[in-house]
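Here Swiss-Prot flags 10, 11, 12, 13, 14, 15, 16, 17 as ATP binding site, drawing on sequence analysis.
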């Protein structure tokens with residue numbers, strides 16, 4: 001039985017990581033499949049080390065293409081070491097970010113362009129794509145305000161980018177959602193955490209009713 005690969009996407013401040021945690025705990029109680037949660041960049045030791053390099057605010061001289069290639073390298077190792085084995089075992093994989101993030105952040109945010117980022121990641125993933133994507137949408141002003149108010153850890157390199165950068169990121173996410181309606185479910189993340197969690201959970205069980 002092949003597994004199910006679900007990704008969680010959204011601009012900074014959408015509450016994506018918190019929603020994934022709540023939803024995964026609920027799914028673990030009700031799903032017929034084992035739930036595997038992971039994140040990008042990260043999820044395995046090699047990729048977590050790359051994550052530290054990418055997000056360290058002291059690395060302010062990092063070239064945007066270097067950044068894009070580091071994300072793709074972390075993604076490749078994460079995919080072959082954790083995601084694909086879990087899918088082959090029939091598990092339900094919930095991943096905090098995947099290729100859509102690179103398209104939005106490096107392709108649009110960094111203005112590298114969508115085509116080269118898509119090409120880099122096609123090589124890294126060998127065409128592996130999520131079965132379903134939850135996109136948590138929030139306007140850039142609200143997202144940045146939430147980051148400033150709620151982040152307990154250090155603000156990272158991407159969080160510290162200006163409003164226009166985050167607006168470009170969100171615009172690309174909205175474009176991706178419009179172009180991929182069968183894969184991407186857009187959810188209004190301006191709602192309370194409880195309502196967003198419920199909407200996300202319902203979207204998953206409606207998509208995969210046989211899993212419950």
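Yeah, the Cβs are placed from backbone N, Cα and C, and that goes for glycine too.
Ranked by how many other Cβ atoms sit within 10 Å of their Cβ, the binding-site residues 10, 11, 13, 15 place 15 at the bottom.
Note on residue 16 (ATP binding site): other Cβ atoms within 10 Å of its Cβ, all shown chains, come to 25. A C-beta separation below 8 Å, combined with a sequence spacing of at least six in one chain, links residue 17 (ATP binding site) to 8, 39, 96. In sequence order, 136, 137, 138, 143, 189 make up the list of same-chain residues 6 or more apart from residue 14 (ATP binding site) whose Cβ falls under 8 Å from its Cβ. In three-state terms derived from DSSP, residue 16 (ATP binding site) belongs to a helical segment. According to DSSP, residue 10 (ATP binding site) is assigned to coil rather than to any helix or strand.
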